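Asks: I have a structure I would like to understand better, so I am pasting it below and will then ask my questions one at a time.
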Amino acid sequence: MWQRVYLQRLKHDLELWIERGWVTPQNAEAILASASGEATVRRIPQLLALFGAVLIGFAAMSFVAANWAELSKLTKLVLLMGAMWAAYGAAFVLDRREHPAFAQAAIVGGLALFGANIMLIAQIYHVSADNPGWLLLWCLVSLASAWALPSRPALGLAFLLASLWSFSVTPGEGQVHWSFFLPWAASLALALRLNWLSGLHLAILTTCAWAAFSIDPLSAALGCGWNEIAAIYLVVSVLLWLGSLRVSATSMRFGSTMEAYGIVLSFGLFWVLQAMPPEHHVSGSWIAIITIGIVAVAAFLLREWKAKRLSTRDAAGFAALAGFGALYPAFAAAVPALVPWLYAGLFIALGVWLVAYGSGQRSRFALNAGFAAFAGEVLYLYFETLGTLLDTAAFFALGGVILIAGAYALARVRKRVVNAVDEGSAE
C-alpha cells in the first residue's frame, strides 16, 4: 500500500518537475519505471521463499501427525528437533552465502517448526499447551532469531506473539499486564536499529490492541470510568503526534508515520468522547495522571515552539486538542447537558485547524484528515439533528441537496489547498 502511495506521489511530482523544466520526459519515465519495478522484483523471490518455507513446515507437521501412533517417542523427538535445527542451519548457511531472501525464509520455517514442536512435544509428555508461557517462549525465540540474523520477518512474528501472549494472560481483577512492554520494547529497539518502517507500524498497532484490551483492567486498577481512560489515551496520542515532529528532523519516514497515527488516534478519540455517555464523577487517580500528561504536552509544545517546528497557531491547536480532550470528564461531570454541543463545535474547529496545520507543515495526510474530520462531524450533526426534525420525504430531499452542495464546495476547497501544498513542497 505504501509503495503505491509513494509511486502516485512520485508521478505527480515528476509531472510538475517536467512542467518546470527540471526533468526531461525521458528521464521521468526512467525514474518512474525504476521505482515501480525495483520493489516488485526485489520482493517476489522473498515472498515465494517465505511461502515455500511455510509449506515445508506444514508438510513436516503433517508427516509427523500422520505417523504419530507408529513412531516411537525418541523418533518423534529426533524428527521434530532435527527439522527445526535443519531450518536454522540452512538460514545460517544461506546468510553466509549472501542469499538473504532464502535465509529469511529458512528462519521463518524454523520458527514455525518451533511453534509446532511446542504443541507436539507437549502432547508427547501430556503437558498442557495452553499455558501462556509457551507463547512467551516462542516470542523470545523469535526475538532472539531476529537479533541474531537479523531477520525482519522473525521480528514481525515476535511483535504478534507478544500481543498473543498478553491477550492469553488472565491477570487478577484490577491488574494490568504491563509485562507486555518488555518484549515489545526489545522488538521496537531492533526495528529502529534495522530502520524497518513496517516494524514501527507493528509497534504502534500492537500497542493500540493492548490498550483496547486493557480498558477494563485499567479502569478497575485506577478506579476510573471509560471517559477518563479515553481522555488519558487521547493525551498519549497527542504526545505521539508531538514526538513525530522531533523524529521527522532525523527520519522523515518514521516521523510522518508517527504523525499519521497520532492524528487518527487523537481525532478518533476526541470524536468518541463526544459520543460517549457522560459520567458524573472524576477519580483522584485520573486527576494525577492527566495532570502529568498535560504537563508533558506543555513541555513538548514549548520545546517545539522554541525550535520553530511549530507556529503559535499550531501550538494553540495542539493545546486545545489535548486540553479539552483531557478535561472532558471534568466538563461532563460539571455541565453534562452542554458537553455534546461544546465538543461538537470544538471538533469542527479542530478539523479546520488541522487543515491549516497540514498546509503549513506540507502534510497531505494531515490536510486530508482535516477535511475528513470536518465533513464527518457535519454529517454526524446533520443526522443527529435535522433527521429528527423533518418528516421522511423532506428529510431525504433536503439531505440530498445539502450533501451534494457540501461535497462540491468541500472538493473545490480541498483541491485548491492541496495544489498549493504540492507546489510549495516541490519548490
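Each Cβ is built from the backbone N, Cα and C atoms, and glycine gets one as well.
Note that the coordinates shown come from a computational prediction; the quantities given were computed from them, not determined experimentally.
The following feature annotations were taken from TrEMBL:
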type	residues	note
DOMAIN	16-154	domain 'DUF2157'
TRANSMEM	47-68	transmembrane segment
TRANSMEM	74-94	transmembrane segment
TRANSMEM	101-125	transmembrane segment
TRANSMEM	154-170	transmembrane segment
TRANSMEM	176-195	transmembrane segment
TRANSMEM	229-248	transmembrane segment
TRANSMEM	260-277	transmembrane segment
TRANSMEM	283-303	transmembrane segment
TRANSMEM	315-335	transmembrane segment
TRANSMEM	341-358	transmembrane segment
TRANSMEM	365-383	transmembrane segment
TRANSMEM	389-411	transmembrane segment
Asks: Let me spell it out: take the transmembrane segment (315-335), skip the flanking residues so only those 6+ beyond its ends count, and list any with a Cβ under 8 Å from a Cβ in it.
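Replies: Apart from its flanks, the transmembrane segment (315-335) reaches 225, 227-228, 230-232, 234-235, 238, 241-242, 266, 269-270, 273, 278-282, 286, 290, 293-294, 297-298, 301, 304-305, 342-343, 346, 349-350, 353-354, 356-357.
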Asks: Between 74-94, 260-277, 283-303, who has the most Cβ pairs under 8 Å to the transmembrane segment (229-248)?
Replies: 260-277
Asks: Please work out the mean pLDDT for the residues of the domain 'DUF2157' (16-154).
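Replies: Mean pLDDT, the domain 'DUF2157' (16-154): 76.
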Asks: Which residues, given as numbers and ranges, are at least 6 beyond the ends of the transmembrane segment (260-277) yet have a Cβ under 8 Å from it?
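Replies: Result: 204, 208, 226-227, 230-231, 233-234, 237-238, 240-244, 321, 324-325, 328, 339-340, 343-344, 346-347, 350-351, 354, 365-366, 369, 373, 376-377.
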